[in-house]
Amino acid sequence: QHYFTVLFGHEGQKPLELRCEDEVDGDEWVEAIHQASYSDILIEREVLMQKYIHLVQIVETEKVAANQLRHQLEDQDTEIERLKAEIVALNKTKEKMRPYQGNQEDEDPDIKKIKKVQSFMRGWLCRRKWKTIVQDYICSPHAESMRKRNQIVFNMVEAESEYVHQLYVLVNCFLRPLRMAASSKKPPISHDDVSSIFLNSETIMFLHEIFHQGLKARIANWPTLILADLFDILLPMLNIYQEFVRNHQYSLQVLANCKQNRDFDKLLKQYEANPACEGRMLETFLTYPMFQVLPLYIITLHELLAHTPHEHVERKSLEFAKSKLEELSRVMHDEVSDTENIRKNLAIERTIVEGCDILLDTSQTFIRQGSLIQVPSVERGKLSKVRLGSLSLKKEGERQCFLFTKHFLICTRSSGGKLHLLKTGGVLSLIECTLVEETEAS
């Protein structure tokens, strides 16, 4: 009999003393009670409370800034009313003085001096008041948030400019020269391979040139920055990226196969020696679109929203663009994962001489591969037949193994380097297997 005690953290609840007939059963109960603890909920509650306190502090800061601006507006209204009253009084004085001035050919020099001093003092007072208002706003949290927002936009324009330049190099230093080479008398590469490697790179370049020109036009109208309509134009065109991302792994495989041609490899090295490439290879330029649009734009929009007030005119449009990009990113990630898994399975299936039907199952996910040493089993001090081999194994043998989510493949490699499934036990269903790890030295 195995006992365990449950202690409660609050007063008034007596400890529970429980027992089980089996030690394993008791351990399972103790582990289950540990997992049922609400400490995780308390930690999540603490995290949410920290976020709530942070948001309350932000709201309080915004309220203080709003009150300061409200007081400044009230002071301005009072100052305007006072100036209006002063203007009315001056007009009345001017009306009274008009008959006297009509009789005078020239105004008194002392009066001119007094008016000049008054005008100077009024201008100085207005300038000082305006300077105070501007300085207060510059030091306010709202102004600091707008400065950060503008800096994010400026950084996005610089990143977009660099990306357009990379696409320009990809198209003009690689794609178009290779198209011309494919049309030559002795082509080092076919037009189909060029299309498979670059797919719609040229269309992507045109798309981002338009987007970059739009960003520069918005910056020209600074400090007024309206960006949401640009993303509204960009979002419907991002389906082009889905095709490029799906084709990325395949394009690299086609490029690797083409490099086995000496003429093509020599020509490609000449293109990569162009100073515009800055020592980067073609594979590098083909990888840039994979990490530019979705990850970079999602991060940029997230930072923009962090520094965009809730009442801002672009708030809803930016949130919509961010949600669409995140949704597209998830879809593309799933599609790329499925496509890469299928290609990996088919590549392994082609390396096995006999073929393997289970690898044609799209739900079969590759995990890992490698070489393992199959050792002879020992029963009662004598060597016995190894159940995985077609013959009894009296010494250790190297096996090439492939692990999938549903099956485990065991192959032997012939002298020619080809893989052959074991005739008996070459394909093991993991659903029907039990893994036993023997820790004893014997």
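Each residue, glycine too, has its Cβ placed from N, Cα and C.
For the ranges 56-93, 246-283, 398-435, the feature annotated in TrEMBL as coiled coil maps to 56-93.
For the coiled coil (56-93), the model's pLDDT averages out at 91.
As a summary of secondary structure, the domain 'PH' (1-38) carries 13 helix, 10 strand, 15 coil according to DSSP.
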